[in-house]
Amino acid sequence: MLWCPSVLVPLIAVAACLPVLAIGTPLEWEFAITLKSKILFVDEFWRTLASAAHEFDELSALTFDETEELIYFNDQQHRNGSIFSLRRDALMASHIAEQAIQRTGNESVGGLAYDPLNRNLFWSDTLQKKIFFASIDSKVTETPKVLVDLSQEGARPDGVAVDVCRRKLYWTNSNITHPTVESIDLAGTNRQVIIDTDIDMPRGIVVDQLSDRIFWIDDLKGVFFALKSARLDGSDRQLVLHDKHHEPLNLAVTNDAIYWTDKTTKAVWSHPKVPIVKATTTTSPLKAEEEDATETIPDIEPEPVAEVSALLRVANLSEEARGIVARTGFYQRLQKDEHCANIVRKVKERLDLMTKKKQMRSLVDEKTAQLERDHCLNGGTYIADRVLCICPTGFKGSRCEIRECHNFCVHGTCEISDRAYPKCYCQPGFSGERCEISKCSGLCLNGGHCKLEDISEKPSCECPHNFAGERCEQNSTEICALFCRLLKHEADIYVPFGCHDICEELAKDASDKIAIPQYHHLEVCMTPSPWTSNVIIVLVLGIVSCFFLVAVIVHGFRRLYKPKRPRIRKTFVVRKQARTNSSGDTPLTNRPLATEQCEITIENCCNMNICETPCFDPKLVEQTLAKSSNCKEDKKILIHNMDDDLY
């Protein structure tokens with residue numbers, strides 16, 4: 001990112017071209033960014049180097065004086081001051097913030113710019129709709145002067161930028177009904193509207209002395225935004241980038257890139273200065289070649305270049321990113337520029353003159369001047385008759401050699417209070433009169449690790465093994481040892497469950513003093529068995545149910561598919577005395593008399609009480625009737641082989 005032309009003197013070239021600057025040099029930072037409550041300094045690789053201005057609450061715009069290494073910034077909520085200066089002492093790694101412009105009302109600074117030649121600050125007030133300026137050499141209480149009054153026009157001045165070489169001020173009018181980009185001489189004359197078409201809501205603006213162009217941010221309608229550039233007179237307008245979902249506020253330009261802050265993503269983005277699309281109207285190449293053509297060819301809409309846009313997110317921030325400035329080194333690079341060489345020479349002459357004024361003293365009293373120069377330091381007033389120094393605010397010592405803020409704040413920014421005492425504004429995570437106390441200091445005991453995840457919350461402790469509590473102050477080993485000692489004497493005392501292993505370990509060395517708690521079902525809790533009584537009961541019931549279901553199914557199939565045995569009913573008539581009505585009558589063909597015979601089915605033969613006549617085997621009836629039989633023989637032939645003779 002650093003550019004080293006061959007025309008530079010060797011000392012400047014070495015200072016600017018070193019890739020890693022020595023620690024403590026004033027040129028160690030490349031970009032400064034205002035967040036809501038601090039100013040962030042980063043190097044060319046966007047590594048955070050330091051932060052400052054922690055005592056302020058609502059920072060917005062800022063500008064940078066490269067000649068004297070001063071940052072000028074605005075605080076929207078400070079009660080006394082509106083614009084402040086910040087001098088960063090890299091050798092001391094400290095920052096000194098001083099009030100530059102007093103607050104006059106409820107002003108709201110939109111943009112801030114600095115003229116190093118006349119040492120004037122210019123800023124836009126979005127509430128009063130005016131552009132003010134004031135000299136930093138004037139008294140703080142002096143009222144700022146109005147350069148441009150836009151209140152009657154309904155305009156809303158936003159970003160401002162100074163063209164040091166051509167002595168002009170540029171500003172953007174973000175009134176969406178009639179947005180413009182305008183310029184005026186630093187003397188307050190020759191006001192011009194250089195751009196008033198094809199813009200929606202221009203915000204931040206910057207003058208690039210290296211390319212003689214202006215760059216500005218245009219907050220387009222909807223979710224879109226654009227980065228645009230033009231020559232200093234408004235011609236040759238170019239569209240550098242057209243994108244969406246950003247809310248850009250301010251921008252800075254280096255030799256090869258543009259950087260801007262975005263409130264939506266809380267980040268800083270960059271893009272090359274090479275334009276992607278030409279915003280001016282283009283014509284057909286044929287029209288340029290055919291100069292004598294009578295027919296005009298309609299304008300062709302610009303088309304984007306086929307290359308992919310090199311949009312890059314260079315920094316992620318913890319708060320809203322607002323203002324941004326970059327170190328350009330244009331005083332060294334533009335010493336031979338036709339427009340800037342004269343201004344650079346005058347600035348150097350002014351710096352030399354300031355140095356000489358600091359060294360010059362009145363020749364009227366050479367002794368007093370010599371004493372002031374040698375004895376009283378840092379602007380102290382020498383009292384000759386008392387031979388002492390009256391030190392200015394912020395210094396002390398017999399020769400005013402001690403800066404009261406020097407090494408006073410360990411982790412913070414020092415500022416001299418209204419009572420002339422140093423006061424520290426601590427960085428997040430620190431407190432104390434000198435910001436020497438860390439919120440984590442001495443908090444965690446017994447080797448605990450302190451964590452501070454959120455600045456607004458209390459720090460917490462991560463405790464090692466066998467320690468607990470907010471500060472890791474509770475030793476579980478000692479607590480369990482007390483319980484187990486009491487258990488040795490009182491068997492019914494309750495011992496926490498987690499103490500079993502600890503007491504078991506302690507009992508190895510002092511078994512006579514330590515008792516090991518015996519918990520019910522400890523083994524079951526430690527190694528639980530799956531075969532519980534409930535599981536066994538459910539398993540047995542399931543098996544029995546399965547067997548019963550199988551039996552029912554088998555029986556059903558047997559009933560369904562096995563044929564029934566036919567039931568055959570036979571009736572036999574038994575009689576004791578047959579009638580001899582004819583020659584063909586036989587005992588089996590003639591029914592006996594009612595008193596002498598009995599009719600019975602063969603199935604009921606076993607039920608002997610149905611009739612008085614017993615059952616006889618049919619095959620033997622005829623044989624027995626022809627013979628004389630007795631009672632014993634009748635019993636022998638009763639139901640003889642009846643099952644075999646039914647069918």
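A Cβ is built for glycine as well, from the same backbone N, Cα and C atoms used for every other residue.
Taken verbatim from Swiss-Prot:
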- 23-534: topological domain 'Extracellular' (TOPO_DOM)
- 119-166: repeat 'LDL-receptor class B 1' (REPEAT)
- 167-211: repeat 'LDL-receptor class B 2' (REPEAT)
- 212-257: repeat 'LDL-receptor class B 3' (REPEAT)
- CYS376-CYS389: disulfide bond (DISULFID)
- CYS391-CYS400: disulfide bond (DISULFID)
- CYS440-CYS450: disulfide bond (DISULFID)
- CYS444-CYS461: disulfide bond (DISULFID)
- CYS463-CYS472: disulfide bond (DISULFID)
- 556-647: topological domain 'Cytoplasmic' (TOPO_DOM)
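Per-residue pLDDT, averaged over the topological domain 'Extracellular' (23-534), rounds to 81. Among the disulfide-bonded residues CYS444, CYS450, CYS461, not one has a Cα within 10 Å of the Cα of CYS376 (disulfide bond). Ranked by CA distance from CYS389 (disulfide bond), the disulfide-bonded residues CYS400, CYS450, CYS461, CYS472 have CYS400 at the top as the closest. Outside the repeat 'LDL-receptor class B 2' (167-211), and at least 6 residues removed from its termini, the chain residues within Cβ reach (under 8 Å) are 111, 113, 115, 118, 120, 122, 124, 131, 147-148, 150, 154-161, 217-221, 228-230, 232-234, 237, 248-253, 255, 260, 273, 279, 328, 330, 333-334, 337, 340. In the structure as shown, the Cβ atom of CYS400 (disulfide bond) sits within 10 Å of 21 other Cβ atoms. All protein chains considered, the CB of CYS461 (disulfide bond) has 21 other CB atoms within 10 Å. Each residue of the repeat 'LDL-receptor class B 1' (119-166) gets a DSSP state, and the totals for helix, strand and coil are 0 helix, 24 strand, 24 coil. For CYS391 (disulfide bond), the nearest of the disulfide-bonded residues CYS444, CYS461, CYS463, CYS472 in terms of C-alpha separation is CYS444. Long-range Cβ proximity for CYS450 (disulfide bond), meaning a same-chain Cβ under 8 A and a gap of 6 or more residues, is found for CYS440, LEU443, CYS444, PRO459, SER460, CYS461, GLU462. DSSP gives CYS444 (disulfide bond) a coil state; it is part of no helix or strand. Its Cβ taken as reference, CYS444 (disulfide bond) is surrounded by 23 other Cβ atoms within 10 Å in the chains shown. Residues near CYS472 (disulfide bond) in space but far in sequence (CB under 8 A, at least 6 apart, same chain), listed by position: CYS444, LEU445, ASN446, GLY447, GLY448, CYS461, CYS463, PRO464.
Using a 10 Å Cβ-Cβ cutoff, CYS391 (disulfide bond) registers 22 neighbours. Neighbour density at the Cβ, taken as the number of other Cβ atoms within 10 Å, is lowest among the disulfide-bonded residues CYS376, CYS389, CYS440, CYS463 for CYS440.
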